[in-house]
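Novice: Encoded as structure tokens, here's the structure I'll be asking about.
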Amino acid sequence: MKARLLVLLCALAAADADTICIGYHANNSTDTVDTVLEKNVTVTHSVNLLEDSHNGKLCRLKGIPPLQLGKCNIAGWLLGNPECDSLLPARSWSYIVETPNSENGACYPGDFINYEELREQLSSVSSFERFEIFPKESSWPKHNTTKGVTAACSHAGKSSFYRNLLWLTKKEDSYPKLKNSYVNKKGKEVLVLWGVHHPSSSKEQQTLYQNENAYVSVVSSNYNRRFTPEIAERPKVRDQTGRMNYYWTLLEPGDTIIFEANGNLIAPWYAFALSRGFGSGIITSNASMHECNTKCQTPQGAINSSLPFQNIHPVTIGECPKYVRSAKLRMVTGLRNIPSIQSRGLFGAIAGFIEGGWTGMIDGWYGYHHQNEQGSGYAADQKSTQNAINGITNKVNSVIEKMNTQFTAVGKEFNNLEKRMENLNKKVDDGFLDIWTYNAELLVLLENERTLDFHDSNVKNLYEKVKSQLKNNAKEIGNGCFEFYHKCDNECMESVRNGTYDYPKYSEESKLNREKIDGVKLESMGVYQILAIYSTVASSLVLLVSLGAISFWMCSNGSLQCRICI
């Protein structure tokens, strides 16, 4: 009975002992991140690195509106299709927008040679000057410049022709050889366009140009071609059996271009002095224009984000995040979020970094919870918390800065005869995209793993700091907690927290209390040993008595014969 009383007193004393615990912050966050080793780890704080939203609108890019081609495409705009007259005043733009089903291109049927390369060149042009390269009235005095019209390029119900080209025909049954030149004095590249007409019959050739064996020659420092009309009847397109092929070249500053022909020349009328801007580009989109401003435009809509990655569209104009195929890129900045189970007791699961964090500690990431005669409370360790915040903030900013190389990414242009090259290009682009995506995801996984390990290390360091101060003045009771062998008031608790705990001051009291507890343990151990021996002997006697009674009963009823020999 005495032993039982001592054990009970020991337990009550332990329950009233002053206690300090080391733990970490927890909250109601549902943010999850992935690491190299784990998926969907719930954390207290994290930052998103992946933009996945847009406004669905076409916007001004840094205050400059785009050039919307509407129902026209690049060819119709540059050649001057009469249906594209509204685009003639265009001089500058932030980017160019085509619709997927633009119907007004080259109105007279034929091939636009190297059209995809021209589109590629225009993707870096932000403005141009449209000027008369060969004035209509004075450049071709011996040729007709007004009869070259066609129903294929009608306007307002009447036959017409391109606004930037002249269809030269014979004048008074004569088409003398022409030769005209232009010297580029604009100080910038000049885009020059022209065409060659291929009649459907010799009769048409003679009707238009008089000469049967016609040619067209175009020469500059970087361009030299001679064209011969191909006379043949072809299937009707836009009610035309003839064809026109369209050509272009870029004339460098100071260079000269010379046109020579005795028939079939579709001569330049207007040309374009180009000004390049690396932020421009061409996108194909059905989105509508709105009164909004952005730094990044995609075919699906504008992105207003400073994040380093986006998964909206690979084609972008302006200062845009890098496109990746990832569905989630979230970087942890806080800790594992494992709130303690309150019902298990204040100094059970709640009190340590092993089983859970503290929702009650809101002013820091790591800290202490104490309990003594004066009460209980939380206190954050501001120094370790601030050092961790600074380190993680610098790391996140560094990652975003290194990966946040914002740029324009436009699609490459291929014609119908370059399908193999286009397919190869797609494979190469897909390969680069896969590498970018893999690098981004791996970077986030590794950094998340390092951050969570960093937090675990900080909590462990805080625990070891307390342990090294208390030494044998307290005992570890698990879950990050220490139970003092002495009374520890609030001043004492503060000294433990700030690293000024006076071990010698409390060592004598701790020694006495420790010896009392150890003595109770030893005495109770002796009693338990006596009880164990007594229990064993008593059990054996009961077993022997039971066995004797059974044997006597069996002998008395004849079930067991007993013989005693002397």
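Positions of Cβ are set from backbone N, Cα and C atoms, glycine also.
Heads up, here are the entries from Swiss-Prot:
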DISULFID  CYS59-CYS292  disulfide bond
DISULFID  CYS72-CYS84  disulfide bond
DISULFID  CYS107-CYS153  disulfide bond
DISULFID  CYS296-CYS320  disulfide bond
DISULFID  CYS488-CYS492  disulfide bond
CARBOHYD  ASN27  N-linked glycosylation site
CARBOHYD  ASN28  N-linked glycosylation site
CARBOHYD  ASN40  N-linked glycosylation site
CARBOHYD  ASN144  N-linked glycosylation site
CARBOHYD  ASN286  N-linked glycosylation site
CARBOHYD  ASN304  N-linked glycosylation site
CARBOHYD  ASN498  N-linked glycosylation site
LIPID     CYS555  S-palmitoyl cysteine
LIPID     CYS562  S-palmitoyl cysteine
LIPID     CYS565  S-palmitoyl cysteine
SIGNAL    1-17  signal peptide
TOPO_DOM  18-529  topological domain 'Extracellular'
TOPO_DOM  551-566  topological domain 'Cytoplasmic'
TRANSMEM  530-550  transmembrane segment
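In the displayed structure, how are the listed features positioned relative to their neighbours?
Specialist: Reduced to three states, the DSSP call for CYS292 (disulfide bond) is strand. Counting only same-chain residues at least 6 apart in sequence, those with a Cβ under 8 Å from the Cβ of CYS292 (disulfide bond) are ASN55, LYS57, CYS59, ARG60, ALA302.
Under 8 Å, Cβ to Cβ, and six or more positions away along its own chain, CYS84 (disulfide bond) finds LEU69, CYS72, GLY76, TRP77, ASN104.
Spatially close to CYS107 (disulfide bond) yet at least six residues away along the chain are GLY76, ASN81, PRO82, GLU83, THR150, ALA152, CYS153, TYR162, ARG238, judged by Cβ distances under 8 angstroms.
For CYS320 (disulfide bond), the Cβ neighbour count at a 10 Å cut-off comes to 24, with all displayed protein chains included.
Around CYS488 (disulfide bond), the same-chain residues at least 6 positions away in sequence with a Cβ under 8 Å from its Cβ are ASP18, ILE20, HIS370, ASN372, VAL496, TYR506.
Mapped onto three states, the DSSP output places ASN27 (N-linked glycosylation site) in coil.
For ASN28 (N-linked glycosylation site), the number of other Cβ atoms no farther than 10 Å from its own Cβ, over all displayed protein chains, is 8.
Classification of ASN40 (N-linked glycosylation site) by DSSP places it in coil, neither helical nor stranded. Within 10 Å of the Cβ of ASN40 (N-linked glycosylation site) there are 9 other Cβ atoms, across all protein chains.
Under 8 Å, Cβ to Cβ, and six or more positions away along its own chain, ASN144 (N-linked glycosylation site) finds LEU168, THR169, LYS170, LYS171.
With a cut-off of 8 Å between CB atoms and residues at least 6 apart in sequence, the same chain places THR99, PRO100 near ASN286 (N-linked glycosylation site), listed in sequence order.
Sequence-distant neighbours of ASN304 (N-linked glycosylation site) (same chain, 6+ apart, CB under 8 A from its CB) are ASN55, THR294, LYS295, CYS296.
When other Cβ atoms within 10 Å of the Cβ of ASN498 (N-linked glycosylation site) are tallied across all protein chains shown, the result is 11.
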Novice: Look at each of the recorded positions, ASN27, CYS59, CYS72, CYS153, CYS296, and point out the one with the fewest other Cβ atoms around it within 10 Å.
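Specialist: Across ASN27, CYS59, CYS72, CYS153, CYS296, these recorded positions, the one with fewest Cβ atoms within 10 Å is ASN27.
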Novice: For CYS492 (disulfide bond), what residues in its own chain, 6 or more apart in sequence, show a Cβ-Cβ distance under 8 Å?
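Specialist: CYS492 (disulfide bond) has long-range Cβ partners ASP18, ASN372, TYR501, TYR506.
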Novice: When the Cα of CYS320 (disulfide bond) is compared with the Cα of each of the glycosylation sites ASN27, ASN40, ASN498, which one is closest?
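Specialist: That would be ASN40, nearest by Cα distance.
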Novice: ASN498 (N-linked glycosylation site): which of the glycosylation sites ASN27, ASN28, ASN40 is the nearest Cα neighbour?
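Specialist: Nearest listed residue in space: ASN27.
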Novice: If I take the alpha carbons of ASN27 (N-linked glycosylation site) and ASN40 (N-linked glycosylation site), what is the distance between them in whole Å?
Specialist: 17
